[in-house]
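One structure is given below, encoded as structure tokens.
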């Protein structure tokens, strides 16, 4: 047995090697590869080098995600990505996979990406002789009447062999006996069954029983066999056997017919009477087990009914062998065959298999990008098995058919993740049956983000109001930008674009939190130095390449009442209160002096109020609340003290208010000096006095005088020489001082009677007669020089008399003592307004504003003690800064 088993295994291996020689066939229609392998191969058995057969580069198999996809429930085959070998991954049982089908195969789909390529591989599974024929029972009992004539046939139970082709059941053998022989017959499906044929008459009295061995042999190499014992009992004669109406019946049956459905009603008749004519129906001995599972035979009526599930996809035809037998002694059974053709019904839903899904897909993927590979199948036949697939039309995807029942899902438009982040694509596979059946499957396609959106701020610009004197590090405001992208592409960082503010980098003024956009002040701001500024904030995402956008932030510094009023005039001299003279004869309402103050703040914080804080005689003087003018309330009398002391309080309108005080000494005198204020000192430049103007006048006068003397001398010479008649004169001196062109023109204009030889006129240094034209020219030049000299004299006189003229100067000089330690020049701008006179001082870039009340006289007291009086009735005075020279 060991030697025989070794030979058997060697034979099977040799048979496998022969099959390996037929590894693949190229299908010209579908472009597919076909492999044929035997069943029952062990794990790792070589099938073929699929990479070489497809002409693929072995080094790129992994990079291109080479894989095989099978519609079968088990992964029978696998590929070694290192060498491209297709090998057996799991044992393949052809009988389990394809049952009794003569041909057994399944399909694989090879999927390769980058770029996407599809190949179809057909795997044919060849049968090996791994199953022996077997009988349903090991022992059969036959009752045969002794009256049976030679040639009578008795069907025997058929043996079953799960193998197909040459490995299936080939023949039956009967042990040697003297009464019976075997007759081997073939069914329409190629299967074989045996009938026992009576060759010699039986004699029950000689031998009532007979025993034989029936052997079923297959065609495999080596062959396999199975045996059963036949026990024959010889009965007494029943001389009439039943007879069927037909020996062969053909019927049609729709698959999935309900259980109990009558397929056909058989009828057999018997000429005998009584029990010998009472017929019973049953399956014959060689009816297959599958038929017995699907159908039943009513023993009394002969009706064949559906017992199991009739499935067209498993078997399209069934052969039913039925026997009829009476109940008489020594009854003989007769047989008939019923051929049942199964009609297909649309009872199978289409199957959808996603063999490859590439998700997520980038939103910038071009149209035509493959998303998924889909295969569909329907086990029905004809129109019932034709399947059509579709997806909704309102999505940016399309289905393309590559092979029959194979589709690719591709993009047909550009995607936008910010609009739709994912798609649930409903795939509908519908067959052509009546009514049609369909299957729906949802494919989830996620869209991955690309950095295609720049950040955008919630506002086009930001305006921020910040009170001055803020603490360094205080929060100013927060800017917010949004980015519709996701992930890293939506992560924003904020920064301030470099720039200058008053010559300093903007980074020394403010900072920003790069994560949340909060702006912070790096210094304490002063409204008097910086009233507003603008910065540019940039938001940039973390995508590649990064995108950014800018927004302007306008920051206005609001004023605080942080500057006390500063009294400009009168200013204490050498630490003592200023003294003002008041004539004793003045009437009530006389303007004694005016207190002028300024406040560097703005708005209400710079609005000043004047109050009389202390006074030697409160009933004598009063001060205007808004202008600071100190006037007499009544006339002075003899008993009034000659020296009055006033304490003036200047307070602003801020919250809380700030104030300053000044003491003024008023000295009562009999009369004031007659000298008028020297308005000449209210010039543009106090450092350059009138000497500059005087030098200018002297210089112009000297030049004019010299030119006039020259003209007079020329006229005198002309008078001494007399008036020539026809003499020639040369003008070398005159032409020496005049330009050549002018001399040329003058010579050409001499009258012809004085120039007898014109050729001499145009030559240089020639002589000509003195004409009236020259005299007119001299007179004109003399008159012009005289007018110019008179103008200079008048200007000098005006300069000398300027002290007596009440001329409004365009500039005033303000010198500071104490807190005002600098000298400033201010331009006065007079406009016709009603009520008050407004002026503004600028001190190192900080505005100081104040208000003068209306009146006839305005006084300014300089650091040197002189007083300037300006007359501005009902006019507004604004003192604007100019550069001192």
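Every residue gets a Cβ built from N, Cα and C, even glycine.
TrEMBL annotations: computationally assigned, not manually curated.
Given the structure is predicted, the values throughout are model-derived calculations rather than measurements.
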Exercise. In TrEMBL, which of the ranges 692-717, 718-743, 744-769 has the transmembrane segment annotation?
Worked result: 692-717
For this session: Among 643-668, 773-798, 799-824, indicate the range for which TrEMBL gives the feature transmembrane segment.
Result: 773-798
For this session: State the residues, same chain only, that lie 6 or more residues beyond the ends of the transmembrane segment (692-717) and have a CB under 8 A from a CB inside it; answer 'none' if no residue qualifies.
Result: 778, 781-782, 785-786, 788-789, 792-793, 795-796, 799
Exercise. Are the domain 'Cadherin' (582-679) and the domain 'Cadherin' (458-567) near each other by the rule of at least 3 C-beta pairs under 8 angstroms (pairs 6 or more apart)?
Worked result: yes
